[in-house]
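A.B. asks: As annotated by TrEMBL, transmembrane segment applies to 49-74, 86-111, 123-148, 169-186, 206-224, 259-277, 289-308. Residues annotated as domain 'G-protein coupled receptors family 1 profile' in TrEMBL: 66-306.
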Amino acid sequence: MEFNSTILGNHHSLGNNDCGNKDLINTSSLDGLSNTTLCQDFSLTTTDIVVAVSLCSILAIGGSLGNGLVLLVISRTTNLNNNCSVFIQNLAIADLLVTVVTIPLIISVITKGFVPICSWNGSLMLGAIVLGRCSATASLLILSSMSLDRYWAICHPIHHKVKMTSSKLRAVLVLIWLASLVVPIPEVVVPRQGRWSVVLKHVKNFGVACCYIAIVSSGIAIFVKVGCASLKIDDLHINSGGRQMHAEIRERNKKVAKTIALVVFVFSLCWLPVAIINTRYIEYNELHFWSALLGLANSTLNPCIYFYRQKSYRHELKVALVAFFSVSS
């Protein structure tokens with residue numbers, strides 16, 4: 001689940017110095033630790049450029065608007081001032097990094113007709129890569145933390161309420177963003193060929209596996225807990241008011257768990273093609289480029305999930321829009 005330089009292809013040379021499909025060139029500013037790297041070329045056709053720019057523009061505008069509305073709804077609504085909403089708020093910020101900065105940088109590069117790697121027209125593309133990896137890392141870590149937090153809150157509510165204070169939540173988020181800023185650095189400075197690149201790949205895969213184990217195991221535990229609670233409530237001889245209150249809590253927990261599961265599923269669906277293609281193809285090609293755009297589309301889809309799944313989000317958005325248009329008129 002990485003950005004993994006997949007947006008990169010290479011520079012289609014402007015002169016007679018085409019570097020070919022497998023030329024070794026000096027790109028020490030790119031590799032940091034090495035003076036040479038394997039360079040693969042491909043350029044974009046006019047149709048590719050038109051389609052890619054159109055898709056990127058839709059993703060950038062739609063994603064920026066959607067994530068901006070998510071932040072607006074959460075910030076102005078006291079009822080949404082809880083751990084889950086704080087995680088979603090940070091997830092929206094990570095998505096805004098993609099829709100506001102990364103995608104526009106990609107548009108500015110591909111309009112030239114090529115996807116640079118050999119030429120250090122890559123300063124713009126390097127920014128897109130680093131921010132894309134930062135966003136993907138932050139999203140995965142936030143989803144993992146949010147899943148574990150929901151497991152703790154649903155399965156051990158009293159302990160969670162006492163231990164998971166707002167200061168501890170802020171500390172977790174600070175660590176997530178620090179990790180997200182640090183993780184892209186080795187992938188930028190370590191050459192793609194060599195022993196360290198293999199070590200880095202294994203470490204990265206191990207980290208992703210740990211995140212998914214945390215997400216899946218906590219999700220299973222939540223659904224088991226909610227299911228067992230439902231059976232216990234049905235067996236208890238409690239008054240109708242108490243039964244209704246417990247049923248509402250149970251349904252709310254189930255809905256939150258399903259929303260998190262859907263967000264994780266869509267995230268995986270968008271980034272899985274990138275992971276598969278990177279393991280099957282060494283040379284950059286069109287598959288890398290288009291699969292990376294699919295991964296970036298995840299940042300636009302998340303707000304749709306929030307508003308589709310959460311009635312409270314839809315209600316507060318409606319209130320905010322009514323207030324805005326009433327003031328404007």
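Cβ atoms are placed via backbone N, Cα and C, with glycine included.
The model shown is predicted, which means the values in this text are computed figures rather than measured ones.
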A.B. asks: If you count Cβ pairs under 8 Å, which stretch among 86-111, 206-224, 259-277 touches the transmembrane segment (169-186) the most?
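C.D. replies: Highest pair count goes to 86-111.
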A.B. asks: For the transmembrane segment (49-74), which recorded stretch in the set 86-111, 123-148, 206-224, 259-277, 289-308 gives the largest number of Cβ pairs separated by under 8 Å?
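C.D. replies: Stretch with the highest Cβ contact count: 86-111.
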A.B. asks: Would the transmembrane segment (206-224) count as touching the transmembrane segment (86-111), i.e. at least 3 C-beta pairs under 8 angstroms with sequence separation of 6+?
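C.D. replies: No, the stretches stay apart by this measure.
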A.B. asks: Compute the average pLDDT of the predicted model within the domain 'G-protein coupled receptors family 1 profile' (66-306).
C.D. replies: 81
A.B. asks: Per the 3+ Cβ pairs under 8 Å rule, pairs at least 6 apart in sequence, do the transmembrane segment (206-224) and the transmembrane segment (123-148) touch?
C.D. replies: yes
